[in-house]
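Everything on this sheet refers to the single structure shown next.
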Protein chains: 4
Amino acid sequence: MHRAKPLPSLLVQRYHGWKATTYTENKSWYKRLADEGQRPKTMIISCCDSRVHVTSLFGADQGEFFIHRNIANLVPPYEPDGNQHGTSAAVEYAVTALKVAHLIVMGHSSCGGVAGCHAMCSGQAPELDEKSSFVGRWMDLLRPGYERVKDIEGEQAQRDALERQAVLISLENLMTFPFLRDRVESGDLSVHGLWHDIGNGTLEQYLPSEDSFAAI
Amino acid sequence: MHRAKPLPSLLVQRYHGWKATTYTENKSWYKRLADEGQRPKTMIISCCDSRVHVTSLFGADQGEFFIHRNIANLVPPYEPDGNQHGTSAAVEYAVTALKVAHLIVMGHSSCGGVAGCHAMCSGQAPELDEKSSFVGRWMDLLRPGYERVKDIEGEQAQRDALERQAVLISLENLMTFPFLRDRVESGDLSVHGLWHDIGNGTLEQYLPSEDSFAAI
Amino acid sequence: MHRAKPLPSLLVQRYHGWKATTYTENKSWYKRLADEGQRPKTMIISCCDSRVHVTSLFGADQGEFFIHRNIANLVPPYEPDGNQHGTSAAVEYAVTALKVAHLIVMGHSSCGGVAGCHAMCSGQAPELDEKSSFVGRWMDLLRPGYERVKDIEGEQAQRDALERQAVLISLENLMTFPFLRDRVESGDLSVHGLWHDIGNGTLEQYLPSEDSFAAI
Amino acid sequence: MHRAKPLPSLLVQRYHGWKATTYTENKSWYKRLADEGQRPKTMIISCCDSRVHVTSLFGADQGEFFIHRNIANLVPPYEPDGNQHGTSAAVEYAVTALKVAHLIVMGHSSCGGVAGCHAMCSGQAPELDEKSSFVGRWMDLLRPGYERVKDIEGEQAQRDALERQAVLISLENLMTFPFLRDRVESGDLSVHGLWHDIGNGTLEQYLPSEDSFAAI
């Protein structure tokens with residue numbers, strides 16, 4: 001803690017730019033959000049990747065999206081074991097306290113976490129298999145997905161399919177949370193699965209009727 | 001999974017707006033980012049709160065910020081126990097694989113997670129004490145912070161202080177990660193603590209020399 | 001005027017989304033509408049409320065609905081006194097120039113304007129009684145409705161009934177416009193009264209035969 | 001009133017389509033909006049014209065935009081004379097009760113109201129000059145605009161300019177409302193002037209620095 005440094009001047013400058021424009025233009029709205037609290041309609045779970053900002057992709061207004069970002073946009077299964085589960089806490093808060101109406105899981109192309117999972121599962125990254133690897137243990141969540149794609153021809157095709165599995169397995173795991181399943185079944189919450197291609201800018205959504213992703 | 005719904009049309013329209021503007025104007029850059037991978041300079045850990053988007057606050061360009069968002073912007077201590085630690089995985093990936101030069105932890109005003117922690121620690125929210133409460137167990141990380149602020153006069157003042165403790169405890173916990181401490185000590189990584197006021201738009205940074213937060 | 005600000009970037013992005021999708025897909029239709037003028041079949045008078053958009057409720061295509069929206073979907077009686085009557089002008093234009101075949105007045109639940117009228121008439125909102133209150137003077141139009149509902153048991157029930165009176169009184173006032181009455185009597189125009197419940201999504205229509213509203 | 005007819009079956013069908021899709025997908029959100037009330041960030045004043053729906057142009061989500069629509073998107077000057085002023089009531093409600101952060105006035109091409117004003121002011125539509133013409137009396141609000149454009153060469157160019165004057169005069173008149181001016185001066189409200197071309201789908205915004213409209 002005692003090593004914390006002042007904010008780099010570039011970011012100080014940018015913050016003042018935000019203050020002089022976005023904040024100033026929406027001052028009364030920010031004040032109301034502060035006084036009255038947030039009321040987001042949608043939760044989005046996406047990756048930490050610096051190339052993929054859902055706030056930009058979906059033109060986030062202040063107060064609209066409750067956003068959780070982790071490596072490879074993964075959701076673990078429901079496991080109320082008393083340990084710390086940051087993602088489960090975020091889901092619980094969004095669904096039970098904020099009562100969001102939509103929950104979107106979005107994956108993306110050339111995901112480093114997914115690539116690591118593929119390398120680990122195919123025996124090419126023994127260091128990720130070590131108990132001490134936080135990334136490896138986190139990507140264990142996606143191992144069932146590897147089983148589903150390992151017989152696809154070609155490594156790149158396997159990784160592409162695994163990125164979509166990261167979305168599907170998260171959607172499956174979400175349904176293991178009783179409080180979430182209840183709201184989905186009562187029609188109070190709908191879930192959505194997306195996959196975004198960074199290079200060509202396309203966006204695909206999962207369609208259960210066709211059990212596949214289709215371009216939007 | 002089989003219950004996934006198509007994306008609401010409003011978000012489809014907004015996505016097409018992004019595609020027609022931001023993407024189109026930066027197409028070759030997106031392609032390079034896709035081909036060559038990300039190279040973010042900075043990792044930011046902030047809250048899921050829908051009112052606080054660091055992408056807006058710091059005018060995020062594509063590829064600049066590796067962003068992890070969880071409830072109350074918390075970082076757990078280093079605990080390589082083989083269990084899933086999503087936040088630790090994100091930190092590990094940013095520091096050891098991406099080799100970011102800056103790591104920022106940003107808290108904010110009227111944080112629901114911090115308010116919940118305060119209520120739980122002061123005996124006003126027994127439901128958060130239950131083993132099955134993901135939010136409660138996640139906010140256990142901030143219990144040491146409650147001990148530091150509980151004697152401050154006034155509940156609101158305690159909560160205000162606790163929001164800043166959420167930043168400081170995260171900074172302290174970050175330093176327990178050996179690979180991170182090494183890079184801080186070698187001067188390859190600097191860490192920063194911020195707190196943002198939603199209503200009046202101010203931004204404060206932690207200054208170790210004064211052991212307090214000061215407006216930027 | 002000299003204080004006008006640029007459009008918030010979020011709305012700029014959304015506009016470009018509309019341009020890239022809805023407009024592009026209907027380009028030749030928009031051009032015809034521009035060249036040949038509008039030919040709407042229906043006029044709808046509804047409330048300004050942000051939760052009730054008839055364009056969504058009735059899947060408005062371009063050129064179909066001529067829409068006037070004011071506080072509490074009210075129509076004043078025919079009063080050709082040379083003063084400005086925005087609602088009467090809209091009705092006149094729709095009926096005599098555009099020759100619409102249908103005219104719908106739609107009210108809705110939890111209407112702020114109606115609640116204000118109820119508070120004013122029941123002596124709970126003296127500020128609305130002041131000459132300078134535009135909302136108060138506008139809601140004077142609904143005073144006759146208050147007289148009809150004031151003996152109903154329970155304030156909420158009175159307000160519910162008053163929302164429907166806002167529709168009925170508007171329909172009655174519409175019939176005081178000679179040019180409108182003529183077209184109704186000749187069978188060239190039909191008028192319709194609706195009331196929409198925001199929370200449960202139901203829609204009721206006024207049935208003169210039963211002198212009451214019934215779910216559609 | 002007793003002449004009200006049942007809703008045409010086409011609209012009944014469309015309503016059920018809305019209920020089965022938009023409503024069902026956003027059910028819990030609609031319930032919350034009903035229970036907690038609206039909190040729109042923006043008021044939009046636009047024309048009744050059936051070819052111009054801001055809900056489509058700006059992808060309106062439920063609860064976002066408080067919308068007043070009248071002939072030619074006009075705002076009268078502040079005149080607290082105790083008479084009925086529907087537009088002033090809508091502005092008063094949006095600014096003082098809802099405390100919106102943005103107020104947008106949007107005009108559009110081939111506006112019938114503006115064309116009528118031009119015809120009236122240039123002596124080509126004596127019927128609009130009659131005291132009994134609601135449209136004529138309403139369009140009197142734009143007479144000062146005609147004075148500003150009448151020396152432009154060509155009738156079409158005059159009408160084009162007059163459509164933009166309908167926006168500018170409304171912005172000017174808005175500033176005569178003390179409660180609105182106060183909020184603009186304190187930075188709590190920003191106003192915006194737009195003009196939309198139906199045929200080619202472009203959108204222009206008024207820039208005070210250049211005293212002209214420029215394409216977005």
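Keep in mind that glycine also has a Cβ here, set from the backbone N, Cα and C atoms.
Now, the feature entries from TrEMBL:
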| type | residues | note |
| --- | --- | --- |
| BINDING | C:Cys47, C:Asp49, C:His108, C:Cys111 | Zn(2+) binding site |
Which ones in the same chain are close to C:His108 (Zn(2+) binding site), with CB under 8 Å and 6+ residues apart in sequence? C:Ser46, C:Cys47, C:Asp49, C:Arg51, C:Val52, C:Asn73, C:Glu163, C:Trp195, C:His196, C:Asp197, C:Ile198
Taking Cβ distances under 8 Å as the criterion, give the subset of the binding-site residues C:Cys47, C:His108, C:Cys111 near chain D, ordered by sequence. none
C-beta crowding around C:Cys47 (Zn(2+) binding site), within 10 angstroms: 28
Of C:Asp49, C:Cys111, which of the binding-site residues has the most Cβ neighbours inside 10 Å? C:Asp49
Other residues with Cβ within 8 Å of the Cβ centroid of C:Cys47, C:Asp49, C:His108, C:Cys111 at the Zn(2+) site? C:Ser46, C:Cys48, C:Arg51, C:Val52, C:Ala72, C:Asn73, C:Gly107, C:Ser109, C:Ser110, C:Gly112, C:Gly113, C:Val114, C:Glu163, C:His196, C:Ile198
